[in-house]
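Undergrad: What follows is a structure written as structure tokens; I'll ask about it next.
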């Protein structure tokens with residue numbers, strides 16, 4: 001009897017140590033860390049960037065910190081994630097904070113179902129793995145605001161050849177802010193009032209938020225802008241939201257080519273300062289520029305959904321099964 005009790009104590013200690021190991025294998029991820037779960041300001045790829053350096057495994061917990069009534073968190077399909085379709089979520093939580101335990105391997109997609117929040121970047125894609133060999137998630141490919149502008153020249157003077165020009169971080173501007181890209185109801189000068197006071201530089205990104213099939217955004221010449229002539233745009237993007245990186249200094253003109261929209265005020269003129277970017281323009285689905293027109297601003301491709309792998313909670317628990325079986329045999 002004493003021998004059995006001694007054996008029971010030893011196995012109990014081993015089981016306790018293994019339970020501690022299993023507990024350590026489970027991780028809790030606070031989505032966005034200090035950013036929490038909200039509409040990111042200035043960088044629509046914030047949550048992709050956050051997930052890029054992390055590994056997610058079965059049993060891990062995602063914590064979405066948000067104020068009830070201001071946001072929600074819904075798990076959706078990849079198609080709904082890509083198009084920001086909030087009509088048929090797999091599951092949804094409207095009470096913050098929300099804890100979600102990862103229970104299956106593969107890709108998982110989350111977004112906020114409040115109007116425009118997803119299109120403004122409040123969305124997260126992760127890959128959950130059961131592999132015992134963790135691999136870091138790749139960084140998102142060329143997020144809109146991750147590339148700093150190298151040595152932009154001041155707009156009012158040319159820096160001396162011996163003095164380096166100052167550097168600045170590229171910014172992302174949501175055109176119209178909450179108005180989005182639409183026919184303005186507050187007057188035909190709404191977008192010019194929005195642009196007043198802002199400083200646009202080479203390397204910055206404009207985000208035109210609109211619903212596909214209801215609007216588009218076209219870059220045009222000054223003459224076409226002034227007359228609302230939609231026949232010969234420099235390029236046109238029909239899929240929203242449209243992200244356009246400013247690659248050239250000078251005046252830039254944009255408008256919607258849908259009938260009557262430009263004349264009702266859906267047009268924007270800005271002045272861009274800085275040094276022109278000579279890097280090749282990434283491929284997009286927009287209409288290419290006319291060969292007689294200088295290189296125009298380039299639409300920005302959305303970063304791919306991240307992938308990851310992490311230690312498996314299931315594998316960590318296997319020794320418990322074998323030890324339990326051995327303990328039963330010894331005590332019988």
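Just so you know, glycine gets a Cβ as well, placed from its N, Cα and C.
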Undergrad: Please identify the range among 99-130, 131-162, 163-194, 195-226 that TrEMBL labels region 'Disordered'.
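TA: Checked against TrEMBL: region 'Disordered' maps to 131-162.
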Undergrad: Over the span of the domain 'Phytocyanin' (171-274), count residues by DSSP class, listing helix, strand and coil in order.
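TA: Taking the domain 'Phytocyanin' (171-274) as a whole: 15 helix, 35 strand, 54 coil.
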